[in-house]
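Below: one structure, written as structure tokens.
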Amino acid sequence: MAKRDFYEVLGVGKSASEDELKKAYRKLAMKHHPDRNPGSKEAEEKFKEAKEAYEMLSDPQKRDAYDRYGHAGVDPNMGGMGGGAGGFADAFGDIFGDIFGQAAGGRGGRGGPQVYRGADLRYNLEITLEQAAHGYDTTIRVPSWDSCETCDGTGAKPGTSPVTCTTCGGHGQVRMQQGFFSVLQTCPKCQGSGKINPSPCGTCSGAGKIKRNKTLEVQIPAGIDDGMRIRSSGNGEPGMNGGPPGDLYVEIRIKQHAVFQREGDDLHCEIPISFAKAALGGEVEVPTLNGKASFTLPEGTQSGKTFRLRSKGIKGVRSGYAGDLFCHVVVETPVTLTERQKELLREFEQLTIEGGSKHSPQTKTWKDKVKEFFE
Ligand SMILES: [Zn+2]
Ligand SMILES: [Zn+2]
């Protein structure tokens, strides 16, 4: 039987994020788990297939190789993957590992200590709408880890050396009984390293590494939207026992803007207009994120009317053209009038009444409805 495409197996697109992969895999694993499908060969095959696909695609290096060369790029027997079709207890262990956010990486070969990919880090970056629209280069301070110079990264006090962990015999993991399952878990004594330091290094408290900060340059692409994430590969926490580092995700938060509300690539704003201007019409100048623009207000514009200015919105990260700017007209009733202004308005009102209902069609329609309702 020809091997199915890994993305197809998990039912996700080629650009699926790690989260989407994880969700898709968890769903399939729950559905096809042998416990729920006793004796079903088909479910068992599907379960193994999903496990293999997820193991490949959740590893950035393997995924990259697979994207480039297909199945030929990833040898399922390489790198201690356990042959891709490990026992069910193993697979279930993976799901547990998933939930607790540990076992994202493969195992470092049978018998050796466990190799872990470092944890991913998230950095929340708040930017303005203008910065989001035009793109923005900035620097952020993120944690980084250096190998401890005192102990040369071993975690052991100079002159002493780490000894093999007796709890796991240096394997880094222990077999635990959970209900009907036997599950491999990270050794609680040595945290998976397989070694214990009888006299930990004083400088790094036995960790072998020291946390510092480093400055990263981030280029925010123009058009980025609230909630989008930028991945900085390899800038997460360091891996364990030679495992690869995690990634850093910069998550974008866009500050509330005083004038504009963003909806996708469109912008919305309210434009207050005097009632005289609304009645007479004329040019209205409006701000945009790229300078000023204007539109023609027709005579007799009512409050609530929206004017659409094409391409005055935001050009999204992945879209080829800019969104639109929607101007919502709000007719403002004049306040704190002088006697003279009031006099003119009274005269104006008298003329309007004498002119009949043609000057106020909405009022006429409304009066007709009220009349109908009471008769
Ligand atoms: Zn040290
Ligand atoms: Zn141990």
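FYI, residue positions are counted from 1 along the chain as it appears here.
Cβ coordinates are placed from backbone N, Cα and C, and glycine is handled just like the others.
Annotated range for region 'Disordered' in TrEMBL, selecting from 30-49, 350-369: 30-49.
Secondary structure of the domain 'CR-type' (135-213), assigned with DSSP and counted as helix (H, G, I), strand (E, B) and coil, comes to 0 helix, 35 strand, 44 coil. Counted as Cβ pairs under 8 Å, contacts with the repeat 'CXXCXGXG motif' (148-155) are highest for 201-208 among 165-172, 187-194, 201-208.
Counting every protein chain shown, the number of other Cβ atoms lying within 10 Å of the Cβ of C190 (Zn(2+) 2 binding site) is 24. Residues near C187 (Zn(2+) 2 binding site) in space but far in sequence (CB under 8 A, at least 6 apart, same chain), listed by position: C165, T167, C168, H171, G172, Q173, V174, G194. Taken together, the residues in the domain 'J' (5-70) have a mean pLDDT of 85 on the 0 to 100 scale.
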